[in-house]
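**Q** For A:55-77, A:98-115, A:121-140, A:152-170, A:182-202, the entry in TrEMBL reads transmembrane segment.
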Amino acid sequence: MNIFRLAGDMTHLFSVLVLLLKIHTIKSCAGVSLKTQELYALVFAARYLDIFTNYISLYNTVMKLIFLGSSFSIVWYMRYHKIVRRSYDKDQDTFRHYFLILPCLLLALLINEKFTFKEVMWTFSLYLEAVAILPQLVLLQRTRNIDNLTGQYVFLLGAYRALYILNWVYRYFTEPHFVHWITWVSGLVQTLLYADFFYYYFQSWKNNQKLHLPA
Amino acid sequence: EVNDDVKDEL
């Protein structure tokens, strides 16, 4: 464990806590894409298949349980909670995320480190996570008013993967044969997808204005 | 040994 990875995990944890806090306290999911949340639940389900068979550390297991629990409960809130679901903007959240799942699965079947079920599912979760934010970014472009909790959520979610890239660089230079191209490329693509969001987020922060993305 | 250390990441 290095500082970049710990910071990345904490940033990721904060992003889901910010979102859960928003949904649980103000009982609203305005501006939040259910499709991105469903993709994330699928990412964690596919990535943490070995949560009970492959014990790494208490930290690792606890964090996996938190990410699984939070992503599925956010999906539950947005789908079934009688108050929260009313604030879900379903005719704006129209990104066909099923068109993301299949290509990621096919790509994972083609490009992976080992052709085993667990490894393919793990690789699938990497590719899917790289594009999971797209429905949310599209929704942000559409909904003019981005409340700052949703803005913070997206920012933290992008920042965590950027910190993970620093972690991979650190591990590459400190651990022999630590080479994982698939993880690195998909992590880089994921972070680049946030590039323009980061730009506008920083601009709004610098000019102390409300965050709004150009149409 | 085969390095599947990256699996220790979340």
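The backbone N, Cα and C atoms fix where each Cβ goes, glycine too.
Annotations in TrEMBL come from automatic prediction, not curation.
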**Q** Are there residues at least six beyond either end of the transmembrane segment (A:121-140) with Cβ under 8 Å to its Cβ atoms? List them, or say none.
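**A** 31-33, 35-36, 39-40, 42-44, 46-47, 49, 89, 92-93, 95, 97, 100-101, 104-105, 107-108, 111-113, 146, 150, 154, 157-158, 182-183, 186-187, 189-190, 193-194, 197, 213.
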**Q** State the residues, same chain only, that lie 6 or more residues beyond the ends of the transmembrane segment (A:55-77) and have a CB under 8 A from a CB inside it; answer 'none' if no residue qualifies.
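**A** Distal contacts: 1, 9, 12-13, 16-17, 19-20, 23-24, 29, 34, 37-38, 40-41, 43-45, 48, 84-85.
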**Q** Given a Cβ distance threshold of under 8 angstroms, which distant residues of the chain, six or more beyond its ends, lie next to the transmembrane segment (A:182-202)?
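**A** Answer is 111-113, 123, 126-127, 129-131, 133-134, 137, 140, 151, 154-155, 157-158, 161-162, 164-165, 168, 211-214.
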